[in-house]
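Novice: Once you've had a glance at the structure underneath, I'll fire off some questions.
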Amino acid sequence: MSSLKDEVPTETSEDFGFKFLGQKQILPSFNEKLPFASLQNLDISNSKSLFVAASGSKAVVGELQLLRDHITSDSTPLTFKWEKEIPDVIFVCFHGDQVLVSTRNALYSLDLEELSEFRTVTSFEKPVFQLKNVNNTLVILNSVNDLSALDLRTKSTKQLAQNVTSFDVTNSQLAVLLKDRSFQSFAWRNGEMEKQFEFSLPSELEELPVEEYSPLSVTILSPQDFLAVFGNVISETDDEVSYDQKMYIIKHIDGSASFQETFDITPPFGQIVRFPYMYKVTLSGLIEPDANVNVLASSCSSEVSIWDSKQVIEPSQDSERAVLPISEETDKDTNPIGVAVDVVTSGTILEPCSGVDTIERLPLVYILNNEGSLQIVGLFHVAAIKSGHYSINLESLEHEKSLSPTSEKIPIAGQEQEEKKKNNESSKALSENPFTSANTSGFTFLKTQPAAANSLQSQSSSTFGAPSFGSSAFKIDLPSVSSTSTGVASSEQDATDPASAKPVFGKPAFGAIAKEPSTSEYAFGKPSFGAPSFGSGKSSVESPASGSAFGKPSFGTPSFGSGNSSVEPPASGSAFGKPSFGTPSFGSGNSSAEPPASGSAFGKPSFGTSAFGTASSNETNSGSIFGKAAFGSSSFAPANNELFGSNFTISKPTVDSPKEVDSTSPFPSSGDQSEDESKSDVDSSSTPFGTKPNTSTKPKTNAFDFGSSSFGSGFSKALESVGSDTTFKFGTQASPFSSQLGNKSPFSSFTKDDTENGSLSKGSTSEINDDNEEHESNGPNVSGNDLTDSTVEQTSSTRLPETPSDEDGEVVEEEAQKSPIGKLTETIKKSANIDMAGLKNPVFGNHVKAKSESPFSAFATNITKPSSTTPAFSFGNSTMNKSNTSTVSPMEEADTKETSEKGPITLKSVENPFLPAKEERTGESSKKDHNDDPKDGYVSGSEISVRTSESAFDTTANEEIPKSQDVNNHEKSETDPKYSQHAVVDHDNKSKEMNETSKNNERSGQPNHGVQGDGIALKKDNEKENFDSNMAIKQFEDHQSSEEDASEKDSRQSSEVKESDDNMSLNSDRDESISESYDKLEDINTDELPHGGEAFKAREVSASADFDVQTSLEDNYAESGIQTDLSESSKENEVQTDAIPVKHNSTQTVKKEAVDNGLQTEPVETCNFSVQTFEGDENYLAEQCKPKQLKEYYTSAKVSNIPFVSQNSTLRLIESTFQTVEAEFTVLMENIRNMDTFFTDQSSIPLVKRTVRSINNLYTWRIPEAEILLNIQNNIKCEQMQITNANIQDLKEKVTDYVRKDIAQITEDVANAKEEYLFLMHFDDASSGYVKDLSTHQFRMQKTLRQKLFDVSAKINHTEELLNILKLFTVKNKRLDDNPLVAKLAKESLARDGLLKEIKLLREQVSRLQLEEKGKKASSFDASSSITKDMKGFKVVEVGLAMNTKKQIGDFFKNLNMAK
């Protein structure tokens, strides 16, 4: 309830007054072109004794005492601590240790400790009119009258109210004046608002027109007292200004508001265009303990007023009033642009008031005007000063300024605002680190470490020692006791931390501090070529007290990961031999204490285990940078730390027994593995990149541990490990190259375990995959897209760059001869869909119970002989019918077979590539071992060669490939496994047959390792083979040169033709007769994929898959097929193994050393930042899990360059038909697999929660999410419909008002115009032979004109009569002075004149009566007849009177003459 009361009393006080201390110009003038906003360009920090001011285009910060001395005296010069050219500043204030400076469009901050750091905090969407700073919150009123609050700590904006004209805020209260002239008051607590009360204008003031008295400003004088200003609206474009304002003191008591008008507070007589704003300085307890004294100034006035909570105070003396000066340039009043109070500076004030000689302290009011001039006046109260009760409360003053006491810096624009999340996460357990927890990380596949793992290394280590924006920037020295972290910088940080270890922006990014004793770890470790940079901290008892941000010099100890804490340095721990600039670059570290639980350079490792190596225990043997070897041995580090040096040695790997250690997959689950599996415990020393292998009785698992290794070269172990008879299975989640039972492949989670279907893993990249890649794709813990943004340099999806494989992929030929008749028979049987198990062909299987006579029966006995030289690698054996086998697992064999043995190798029966998978498995189920699946198939083509090199040492392949290529290769791996199985079988059959003669061929000096194009022979890593290391080196060099030659070829087809011609010329006729086309089917299968050659490039509508099958007899592989040596010297037909070194040729390259240096120096943190920054971000996750595109659909297959085996034309037609049909089947399988992959991906839902945040990226949505998308769209439509309806309603109201006012008037005018137009048309009608009657309007006009004419005629006649009388008087004066008759006539004439008037009046009345009677009697009449008659009669009477008068005069003169 509001009421209007009497005027506020104004007291002329003898006590209150202002003491003028001085005035000087300190800043440039605005020149009357002030920003149209509430200028608050002066602020004083009494606690810091500093001031900030802005005027013109300059902002300054300086010492307050120096400013006062400069103003009050002429001797002290003024210097500033900081100054900057900033145009159109509208707001400055102190905020803790910073200064806020704002224009209408942006907010800036200045660090008082680092005055050079002037940065942009945020930019405003709409121009700003008014700002207030309170409790770390900036309250903003913009040009569209929206009131919002900007949190200076989080930069988040929250809208408070709309249609706001003005507001004022204190620490606990927010007052708002709305455009409808209503008031609202809110309680302000911790940034949250709660409405206290609201009221509107009294009914008496409601009558004031809004156009003239619009709401302008509201000011809080006390919690219950307000000052409101109403007046005319001023525009920024106005040239001349005149203010007409009404001010009211509002007191709100017990739910009712009383309005009292005042005329003496800052009377608005300003002459400069200003945005209306009221400045105030509140002094609490200055005179009375509970009363406020408010010093008020207005942007529209040059006077300063005092309000003492009860009345307006005016000093009695004019000299004691505070008035701004008149401009010397324009002779106009100046007005304030900033007002502040100073209560801390010192200086004696002489004669402040009457009766007081000097005083040391007064509240000094600093007033900055629009010309940059600063005036200082001191507020005094004579009685209080004399009585000693004049109290200046500094604490209440600072509290009233609403400045934040915290020294926390404001986040600047462009910084990642991760601190919002970190404040909550910092107090959580370490397992909730976004890079350690399986539930919170973007890599949801991460496994948790054992809860009881005893580690000396912190589990909360971030990816690079610490997160990007948070706790230690480059290094974290974690305290040795349990501690927690808060949202601000911890005061308990070690005093010896280096500068770089301090928080970058005051807070830890992820806020986790280890709860276990931990040692310091470097964020970026030691330098690029120096001490450990990534991860493994020193595990010795004594941690470094302080460390450099980048550790020791650039050329020192290992760069990526290992730290040495033992007394002795490591024997050999090079990642790539010896590093380029010092000690091992990537290698492992040594620890004299227990192994760390997760001593990752990345905190907890990015993929579940340590990122770049942990310290091993007890011994200091060398280890791989990536843990164990890619295929059972250490990855890259040779025994003597020289990979390519003269001391290159090959040591034999050891196969550790399984110790019930479960190495987790470093990649996310595909969804098939249960969460329990994803959380399974791993060994405390598991690490994806750099474990000290086999230094204790308990082996340490590795996420990239493809086999166990004690030390030595990664290649040597891989080469020597092939001699073992241990086998592997396709489709299992255990790595085929791991020597430990529980060691799962890091890439085993690409696909589901399809062992029941007998197919290869769904993640296989092409038709033929090497064993490593096959098992990399079997793990259930990863999805394809998660591999491309790894924080460990994309080691998850390892692919070498596919060099121009579209053109250079060449066919690998078999080494020895094989009967063309036998191969033709085999092909015909396959084409006829004959069950191979039913044929019992001993050449292709081990089914010894049923042997039938065949041209190949001579080789049956040698097939099943035990051999220690098993082929290096095979894809022929898949996971089909694993359940029907019962051979011991490869891990069990690893315990019992430390060296290569001659035990029997049970080969699988033939898998017919042309039969359905079920038929093949039916014929082979009885011949397969559960884990013994050695196959000697080979892979041809550039793509398969690339894969071989990748799989051989998968952990380093990514060092050479572009990330885009890695993504493409991985996307290809999401295809159906059946096609891979289909492509492998044929080569497997041939490899078995060739194995019988390969050994004899080797003894006879025949070459058994050839490389055609990029084709490489593959070998299983967990099979062992003894061979010469020097031969491996030599073959590595040969292969390196052959790869360079192959990359220079222009096209694949031309190179194949050329090599085919050369091979035909070099080899014997017998070799030419043995080369059969069916051995090259693997080329068809290999090259049919989009990245495997020219085949299947459906770039046009009628695209076809081009199969280039070419035979080259110069370079052969033992694995390309089963060879038969018909010579007599071939007494023992065994499987050839000399092609093994080829497998390593693609990985043993000199480039590794350069890549090592590159990895040491590249800013790897960028990749890590993307993970830390976008952790949990829906858009980021949607991008990572975006749906796969539907691959190209091939319409046909094109087979060219078929190498015919037979010379018979009929057989050649059969061969050509077979090749064509097989190619068409291959194309069909490829299309089916592509569609299956697409449908499977569309059917999955990788993101549990989808909101409107990711609706802009529609390509990341899948079909099952359509309902969610529809709901979101419906919700948006509902919101938009509400807005639209409101707009429509508003428009209807405007239209109604327009119709009611404007349209009604227009309608009336149109009706009148239409009436007149119709009348004119009728009047203008030529057919009318008579004059039309006048309309009513015309008749009125006619009547009016006639009446006026009548009046004019009457006046003329009267004038004539008077002239005649004048003439008579003239005659009388001249001649008739003595004649009494003339005088008598003159008098009588005057009397007759009155009579004439009466006669005229009577006639008019009679005429009117006649007109009325005629109007009643006749419908139409001649309106002018009566008037005409009247006028004629009037003229007759006039003439008669004139004649009579003349006659009388004539008679008079006649008689006079007669008398004479």
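Just so you know, glycine gets a Cβ as well, placed from its N, Cα and C.
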Novice: Looking at Ser45, Ser483, Ser713, Ser724, which is the one Swiss-Prot tags with phosphoserine?
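Specialist: That would be Ser724, per the phosphoserine annotation in Swiss-Prot.
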Novice: Which one of 123-158, 159-194, 1383-1418 shows up in Swiss-Prot as coiled coil?
Specialist: 1383-1418
Novice: Between 61-102, 1237-1278, 1279-1320, I'd like to know which one Swiss-Prot lists as coiled coil.
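Specialist: Feature coiled coil in Swiss-Prot: residues 1279-1320.
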Novice: Do you know which of Ser543, Ser665, Ser889 is annotated phosphoserine by Swiss-Prot?
Specialist: Ser889
Novice: Mean pLDDT, the repeat 'FG 3' (687-690)?
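Specialist: Residues in the repeat 'FG 3' (687-690) carry a mean pLDDT of 40 in this prediction.
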